[in-house]
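Trainee: If you look up TrEMBL, you'll see LYS10, ARG11, GLY12, LEU13, ARG14, ARG145, LEU146, GLY147, ARG148, GLY149, LYS150, GLY151, TYR152, TYR153 marked as ATP binding site. The substrate binding site annotation in TrEMBL covers LEU56, GLU61.
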Amino acid sequence: MAAVTVNSAKRGLRAELKQRLRALGAEERLRQSHLLTQKVIAHSQYQNSKRISIFLSMQDEIETEEIIKDIFKQGKICFIPRYQFHSNHMDMVRLTAPEEVALLPKTSWNIHQPGEGDVREEALSTGGLDLIFLPGLGFDKDGNRLGRGKGYYDTYLKRCVQHQKVKPYTLALAFREQICPQIPVDEHDMKVDEVLYEDSPTS
């Protein structure tokens with residue numbers, strides 16, 4: 001598929017998925033989030049991972065708060081994204097406690113993240129990551145992911161491959177409503193190892 005066609009297909013699908021997500025009620029969002037939290041905690045990749053990066057949820061994403069609490073409860077090391085808004089650069093920086101999230105400043109996207117001057121351990125320079133939880137707007141069952149169009153995660157995953165001997169396992173968290181028959185992709189898009197949603201096969 002030509003790049004222009006892929007881009008316009010992505011634009012159309014993003015608009016459709018945003019509409020689907022807007023129609024999702026708060027109760028249903030929490031129901032599916034709770035179900036996915038249980039799936040994550042029982043997942044062998046999660047159980048065997050020590051260094052984990054996880055996103056702080058936006059309003060239209062799976063709620064990750066309970067997973068973050070469990071990461072600390074299990075004695076694992078938790079990293080969260082710090083986006084640079086003028087580029088597609090993102091680092092994963094260490095979170096010291098689940099309670100810290102509410103104290104972090106909010107970005108223009110209404111996401112909590114450590115400020116630029118807040119010096120923190122950065123995952124890739126201190127041993128890499130075992131597992132990365134990814135958000136997204138849409139996914140298909142082959143692991144193709146449609147992000148919000150900024151390329152933060154695709155760029156970050158390429159850096160992981162350069163910095164680490166073993167690539168981190170990538171696990172996307174999705175509402176049922178975000179699963180599509182096919183996601184349009186180009187050569188810059190990185191697949192995820194697994195998409196976790198309500199009806200996904202258990203690993």
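Cβ coordinates are placed from backbone N, Cα and C, and glycine is handled just like the others.
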Trainee: Using a Cβ cut-off under 8 Å and a sequence separation of 6 or more, which residues in the same chain sit near GLU61 (substrate binding site)?
Mentor: PHE55, PRO135, LEU173
Trainee: I'd like the number of other C-beta atoms within 10 A of the C-beta of LEU56 (substrate binding site), please.
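Mentor: There are 18 such Cβ atoms around LEU56 (substrate binding site).
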Trainee: What's the CA-CA gap between ARG14 (ATP binding site) and LEU56 (substrate binding site) in angstrom, rounded?
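Mentor: The separation of the Cα atoms works out to 20 Å.
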Trainee: Rounded to a whole number, how many Å is the Cα of GLY12 (ATP binding site) away from the Cα of LEU56 (substrate binding site)?
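Mentor: GLY12 (ATP binding site) to LEU56 (substrate binding site), Cα-Cα distance: 26 Å.
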Trainee: What is the total of other Cβ atoms whose distance to the Cβ of LEU146 (ATP binding site) is within 10 Å?
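Mentor: Its Cβ shell of radius 10 Å holds 21 other Cβ atoms.
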Trainee: Across all the protein chains here, work out how many other Cβ atoms are within 10 Å of the Cβ of ARG148 (ATP binding site).
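Mentor: A 10 Å sphere around the Cβ of ARG148 (ATP binding site) contains 14 other Cβ atoms.
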Trainee: Between any two of LYS10, ARG11, GLY12, LEU13, ARG14, ARG145, LEU146, GLY147, ARG148, GLY149, LYS150, GLY151, TYR152, TYR153, the residues recorded as binding ATP, what is the biggest Cα to Cα distance in Å?
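Mentor: The two farthest binding residues have Cα atoms 21 Å apart.
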Trainee: If we count other C-beta atoms within 10 Å, could you say which of the binding-site residues LYS10, ARG14, LYS150 has the fewest?
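Mentor: So among LYS10, ARG14, LYS150, the binding-site residues given, the one with the fewest Cβ atoms within 10 Å is LYS150.
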Trainee: For GLY12 (ATP binding site), what is the tally of other C-beta atoms lying within 10 angstroms of its C-beta?
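Mentor: A 10 Å sphere around the Cβ of GLY12 (ATP binding site) contains 11 other Cβ atoms.
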